[in-house]
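Novice: As listed in TrEMBL for this protein:
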{"type": "SIGNAL", "residues": "1-36", "note": "signal peptide"}
{"type": "DOMAIN", "residues": "40-160", "note": "domain 'CBM-cenC'"}
{"type": "DOMAIN", "residues": "187-271", "note": "domain 'Cellulase Ig-like'"}
{"type": "DOMAIN", "residues": "281-745", "note": "domain 'Glycoside hydrolase family 9'"}
{"type": "ACT_SITE", "residues": "His676", "note": "active site"}
{"type": "ACT_SITE", "residues": "Asp724", "note": "active site"}
{"type": "ACT_SITE", "residues": "Glu733", "note": "active site"}
Amino acid sequence: MSPNPPAGRRRRAAPLAAGIVVALAVSGLTGGNAQADAVEQIVNGTFDDGHVPWWSTANLTLDSSDGRLCADVPGGTINPWDAIIGQDDIALQAGATYEFRFFGSATPGKVGKALIQLPVAPYTQYLAANPALNVSGDSYRYTFTSPVDLPNAQVAFQIGGSTQPWRICLDDISLTGDAEPDVYEPDTGPRVRVNQVGYLPRGPKNATVVTEVAEALPWQLRNDAGTVVASGTTQPRGLDESSGQRVHSIDFGDHQKRGTGYTLTTDGDTSRPFDIGTGFYEQLRLDALRFYYTQRSGVEIREDLRPGYGRPAGHIGVAPNQGDVSVPCQPGVCEYSLDVSGGWYDAGDHGKYVVNGGISVHQLMSEYERSLLARTGELWKLRDGTLDLPESGNWVPDILDEARWEQEFLLKMQVPAGQPYAGMVHHKIHDDSWTGLPLLPHLDPKRRELHPVSTAATLNLAATAAQAARVYLPYDWRFALENLRAAKTAWAAATSNPAMYADPNDGNGGGAYADDNVTDEFYWAAAELFITTGAGEYRDFLLASPLHTTDVWRDRGFDWGNTAQLGRLQLATLPNRLPDRERIRQSVVTGADTYLATMEAHPYGIPYAPTDNTYDWGSNNLILNNAIVMAVAFDITGTDRYRDGVLETMDYIFGRNALNQSYVTGYGEVASENQHSRWYAHQLNTDLPNPPRGTLSGGPNSSIQDPVAQQKLQGCAPQFCYLDDIESWSTNELTINWNAPLAWLAAFVADQDNGDARGRLR
Ligand code: 9MR
């Protein structure tokens with residue numbers, strides 16, 4: 001039987017290609033369907049008489065002998081663009097909306113890439129679609145609005161990157177103007193929004209319902225047998241600015257009985273199911289940390305430890321990799337090469353960045369430190385053997401084994417003695433140009449380069465190495481000492497070079513991570529060095545720093561570029577002899593009060609409401625970091641309302657939000673699962689896995705920098721600026737620094753037992 005049925009037998013009704021740019025596949029597609037006044041931009045899209053002017057890469061032979069364009073695609077290529085079928089010189093008009101249609105099939109089935117883009121670097125994509133092609137064939141339709149006037153855009157079907165050979169056939173390719181833009185409507189399900197994972201028995205229980213009704217409404221809570229077990233009335237909250245919705249809130253905190261399959265009903269709608277219990281946070285405590293092992297660079301990921309996620313070691317100097325055991329600098333930056341193998345890949349890319357690795361490893365070590373210091377802390381839950389690591393069984397708590405993998409990499413990024421800028425730390429190491437998706441780490445063929453040193457990176461090493469010096473002392477005094485030396489050297493080097501800033505334009509092949517204010521990194525590093533050494537130099541620096549007394553609790557939260565808060569939190573919780581220790585503690589409590597007030601005023605209970613009503617890149621990370629401030633305030637004061645603030649923040653992350661979805665893979669009935677990643681790229685290649693359970697998505701980002709989000713989300717209210725699409729790198733990436741507060745908080749919440757554990761520091 002022919003794998004390519006003749007045109008008359010092709011299946012015309014096509015499924016909705018979910019998660020793909022405006023991918024409304026249509027039935028009954030013919031070239032003649034285009035609007036009368038819409039001009040066809042494609043030359044010879046029907047292949048009735050050959051295939052001129054279509055071109056291909058040299059590894060394809062185009063065949064249009066049966067009225068379609070077919071090609072056998074060889075296996076063994078790496079990048080999507082290693083095999084292309086294209087047409088050039090397509091005119092685009094700025095502001096015009098276009099409809100792009102084609103019929104396509106693949107044998108065996110394959111996800112292809114259909115692009116309309118700039119024909120030269122930087123190959124800006126105006127339409128980027130990932131049609132899931134199947135054997136019988138389907139019609140695909142997409143719309144996009146061109147942001148540019150361009151006489152020579154390119155239509156490109158990028159079909160490389162498959163290990164196995166396959167065959168593609170295309171027909172009826174059409175691009176016409178005067179199209180109606182598709183309006184993207186996210187499927188937000190029932191209007192009653194709950195924490196789809198669950199609530200602690202004695203913790204707060206809040207929900208939100210989207211409704212135009214002005215008056216309070218009755219609500220009912222049902223158990224899994226459908227019996228009403230509690231009821232009450234909603235509280236009308238008016239317009240919620242972060243979503244543009246009118247909402248009421250529901251408080252059902254009095255119901256404390258454990259159970260699964262609860263639902264909440266009001267205004268004629270019923271929530272997704274949820275639990276009341278504790279087990280899910282115990283699971284998340286582990287999953288959020290297990291995330292790091294599969295982000296490891298420089299080592300094979302063992303299939304027996306992570307079924308479905310095993311892969312060869314990436315970047316250990318084995319071709320096609322060009323790193324990381326001996327990595328030169330960018331041209332003109334330095335004369336040496338360094339072994340910077342190991343560490344964690346930052347995110348969905350293969351880059352490794354010190355300022356982001358720094359806050360990540362710090363938050364893991366601080367999760368460990370909290371487990372020792374807080375009265376509710378349960379260190380044994382993160383003991384040796386809990387995370388299924390290659391190091392499990394070495395008598396060291398697994399959380400420290402994982403953190404060490406990154407800390408050792410940070411140490412390698414320090415300039416060796418005898419070289420210019422000795423003691424300073426290279427800002428980052430990554431490919432010399434961007435790679436496409438999917439791409440497993442060991443297949444990355446790009447040249448790896450060290451980028452210039454920066455004061456921020458140097459202070460990140462000073463801070464984390466000072467922290468590592470005390471954290472690892474009971475387990476490996478040599479490693480502790482090595483860190484202490486590196487921290488002191490880094491501090492001295494940063495003090496001598498206090499204003500070496502990373503270049504904001506150094507973003508080809510990796511993120512820039514630029515930051516031209518490093519007073520906060522100085523403050524954080526001084527805090528860690530002081531806590532570890534007690535030395536007067538660091539104490540004097542802290543006391544003289546304006547950041548010691550100013551209000552550091554920004555409404556947007558803290559992150560890799562705003563680290564004074566880390567210093568404050570550490571000084572407030574870890575034993576030290578600063579004279580104004582009580583005042584520092586009080587400042588954390590004051591910060592927590594601010595976030596609590598924001599949360600109480602928020603109809604969705606979110607401790608994040610930037611005054612300009614925009615959400616930042618990685619908003620989920622900022623929200624979780626604000627919750628950490630409340631958690632530390634709970635540890636300091638033992639006052640329940642701070643813990644309740646943390647628990648209510650988790651409700652937002654797990655589904656009490658405008659999109660009615662959880663942002664953690666594997667948690668909640670509807671959850672993010674297509675985070676931007678080159679190796680968890682299941683959405684692009686079904687042979688690859690989705691991100692592991694317990695992976696946080698960055699979440700809504702008002703600036704929607706990626707083309708997929710730009711096509712669908714123009715004008716989005718902050719909470720709606722999100723797509724669970726692998727190509728939406730500005731709203732849906734996964735990163736080591738975003739999972740760190742998730743892990744920290746998962747442990748904090750799991751430590752609260754039923755939600756009523758007695759707080760305070762030991
Ligand atoms: O998380 C970073 C965010 O704060 C910045 O605004 C953004 C733009 O510079 O970059 C983010 O970091 C990305 C990095 O540049 C490259 N690796 C993936 C990171 C997460 O998207």
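Just so you know, glycine gets a Cβ as well, placed from its N, Cα and C.
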Novice: Using DSSP and collapsing to three states, where does Asp724 (active site) fall: helix, strand or coil?
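Specialist: Once the DSSP labels are grouped into three classes, Asp724 (active site) ends up as coil.
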Novice: If I take the alpha carbons of His676 (active site) and Glu733 (active site), what is the distance between them in whole Å?
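Specialist: About 4 Å separate the Cα atoms of these two residues.
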Novice: Can you tell me whether DSSP puts Glu733 (active site) in helix, strand or coil?
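Specialist: In three-state terms, Glu733 (active site) counts as strand.
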Novice: Where DSSP helix means H, G or I and strand means E or B, what are the helix, strand and coil counts for the domain 'Cellulase Ig-like' (187-271)?
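Specialist: Helix, strand and coil residues of the domain 'Cellulase Ig-like' (187-271) number 0 helix, 43 strand, 42 coil.
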Novice: For a Cβ distance below 6 Å to any atom of ligand 1, name the active-site residues from His676, Asp724, Glu733 that qualify, or say none.
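Specialist: What lies within reach of ligand 1, judged by Cβ under 6 Å, is Glu733.
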Novice: Cα-Cα separation of Glu733 (active site) and Asp724 (active site), in Å?
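Specialist: Per the Cα atoms, Glu733 (active site) and Asp724 (active site) stand 9 Å apart.
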Novice: Run through the Cβ atoms and count how many others sit within 10 Å of the one on His676 (active site).
Specialist: 27
Novice: Per DSSP, His676 (active site) is which: helix, strand or coil?
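Specialist: Strand, per DSSP.
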Novice: Give the mean pLDDT for the domain 'Cellulase Ig-like' (187-271) on the 0 to 100 scale.
Specialist: 98
